[in-house]
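Just dropping this structure here.
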């Protein structure tokens, strides 16, 4: 695997060929097996097109899941996912990063909540920092995510965390440690995905139950892309300001991204813990920081 970096010297552009190994900056695995392994119910995960696409299956017997072989500290992860079609109420397709630590957990979640046929798919995001979560936000997607593949990405650097849907930012969590707000930066996180049954809460708070007559349920993944500092690896990688995801253009949303973000917030957000006075009579400090 190789990545080319252009640099300038005496007015002449050269191309520096850097061979990337698993102990340093890693990016763009060619197949599922290169960077991932099955963590739960291998018979329910099928590899297609020589591992470039995988099918996850949920039936009454089991759901399934997979995870990256190593953890990463900062960078960007993305996957193209085609979600469960039709009557998917009670199902949850998840794509997330997790420190896999019991006591002080860091986690960045995409959870796609199934619905009845014809109703919009909801994506729930959540952030755990230093063991504290309960930061749920829900967005109704503006397209049918089961009709085709769409790209879902998490950008994580020293400045902010951004959740993207097809390059549209739907959530921003800024690093406000200076104000005493926890921010995940000390623990590496693995990349995980699962398809499972959660009809006690997933659809309309558990009112809509899973219809097992529609099983099995399928979700599809492809174009696995991880670019970050693999742990264990060089100790200087995660603090290197020359990593592309730490660049000036990634330290805040661009003007175009900010407009897209405001559009999502105005038109598609259906729940935001920041506005939930029953849970938080006093607005959490991180909710006042903007983007």
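Note that Cβ sites are derived from N, Cα and C of the backbone, with glycine treated the same way.
Reproduced below are the annotations present in TrEMBL:
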DOMAIN    1-221  domain 'GH16'
SIGNAL    1-27  signal peptide
ACT_SITE  107  active site, nucleophile
ACT_SITE  111  active site, proton donor
CARBOHYD  115  N-linked glycosylation site
For the domain 'GH16' (1-221), report the average pLDDT of the model, please.
88
Please report the Cα separation of residue 115 (N-linked glycosylation site) and residue 107 (active site, nucleophile) in Å, rounded to an integer.
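Each residue's Cα considered, residue 115 (N-linked glycosylation site) and residue 107 (active site, nucleophile) end up 25 Å apart.
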Using a 10 Å cut-off, grab the number of neighbouring Cβ atoms around the Cβ of residue 111 (active site, proton donor), all chains included.
19
Which number gives the other C-beta atoms within 10 angstroms of the C-beta of residue 107 (active site, nucleophile), all protein chains shown included?
20
